[in-house]
Each structure stands twice: as structure tokens, then as C-alpha cells.
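S.K.: Here TrEMBL flags 96-149, 206-241 as region 'Disordered'. Residues annotated as compositional bias 'Polar residues' in TrEMBL: 116-125. What TrEMBL records for 126-146, 207-216, 223-241 is compositional bias 'Basic and acidic residues'. What TrEMBL records for 145-212 is domain 'DnaB/C C-terminal'.
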Amino acid sequence: MNYIKAINAFYDHQEFNPLTSAAINLWHSLMHVNNKSRWKKEFSASMTVLCLKSNLSESSIRKARKELVEKGYVTFTSRPGNQAPIYRITPLYEEMDSENDSGEENSGGKSNGSDTGKSNTLSKQNETKEKEEVVEKPDDNPHHFYENNIGTLSPFIAEKITQWCEELSDELVIQSMKLAVESNKRFFSYCEGILKQWQQGGVRTLRGAERAQQDHKKQRTNSKHEKNKSVFDKLREEVRV
């Protein structure tokens, strides 16, 4: 398994085959277990281990696992007794590599196609456009946004992001990351500090977050003015003396 290629292919697939936050979290947890097993094609992972790594409940894991299987991201086989199931993570990048290779071969061939071929191509392009309009944008996914703008997404951070998405919303988690990037504080603890403030302040929408941010800026500006004022007052007193 090529880790970098696997991560890139995983998030490329999110553009047309999106997953819930819980499923993304579980996928990263399975990747971590697979890494520990030195990237064996098939590996075992108990429910207890997955619960600990993902911080999801057993029912949430079963639901997320079903989603991963149905959408072709993993396969798993149950085993009798207390034996842990066997998992296999689909190497999506191999699929993409083979598609690219076949595309290059086709482009190198003759271009004497019939009108029927052209109409089929146009039809496929229209279908693709329709799909793209419905599909979730990469920046709408908090885990993807973190990978693209802040840093490597570890299972621990993926778990934290999922928790905050459940506590507040995907939009607010992404907004906290945007503020972190704007402030050049590219670490999740900074995002978490913002999210905790919003949670304590009862912020539940983007508009509410923007208001809270404006209020925070005003408070900082006022505190600076007060501080400067107190310094000038002290200087005046010293001059009088």
C-alpha cells in the first residue's frame, strides 16, 4: 500500500463518491491498523480497537462500515466466535492509475470516430456535468479541507474533527480552520479553541460565528484602547508630580 497515493485517491473519490464524517473517521482508523500490520493486503481489527481509535460507538462503526463496503472503499469478512473480522482496504489509486493508462492509450489511437461515437462522448460529458453539480465539493468536507490547508490528517485529528462535526456542524468546523489559516496558526488545537468559544457562546450557524468573530475583534480593539489610555494616564500623573 502506498500511503500518500492511498490518501490522495481517497479524497479524489470523495468528489464523486462522498462519505459521512463517521465513515471517513473509520477509514482512517482502518488505515492506521493496516499500517501497524505493515500494510498487509488483509488484516484483522477488533470492534474494541476500532472503537478506541475512532471514538465511535459500536452501532456507529457498523453503520460506517456498511457505508464503506457499499461504496467500495473496503471489504470485510466476519469470522466465527470471538475472532476479529478480516478487512481489506481497496487500493483506489490502482484503479485511477489503470484508468489514466487506458485514457492515454485511447488518446494515442486514430481519431476517425463516427458521429455516433461523438454523440456518446457528448452524452457522457453531460452526465458528468450533472453529477458534478450534485456532488459535494472537496472544501465542503472538513477532513479534506484539513488535508488541503493545514496538514497531514492523523487518526487522532480525524477523530477530533468528527466529534466537533457532530457537536456543532461541518460548516463551523471548516470555518474554524479557515480562521486558523488566516491567522497562520495551522494546528488543530487553535481550531478547537475557536470551536469551544462558539460552543460556549451558543453559536450554531455561520452567521452566528461571523458575529462572534466581529464581537471578539471589537473586544480586542477596546481592550487595546483601554490599555493605551491607562498608560497615558500614568504618564500624565508622573509629569504632574
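Positions of Cβ are set from backbone N, Cα and C atoms, glycine also.
TrEMBL annotations: computationally assigned, not manually curated.
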S.K.: Mean pLDDT across the domain 'DnaB/C C-terminal' (145-212), rounded to an integer, is what?
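M.R.: Mean pLDDT, the domain 'DnaB/C C-terminal' (145-212): 89.
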S.K.: Do you know the DSSP helix, strand and coil residue counts for the compositional bias 'Basic and acidic residues' (207-216)?
M.R.: 10 helix, 0 strand, 0 coil
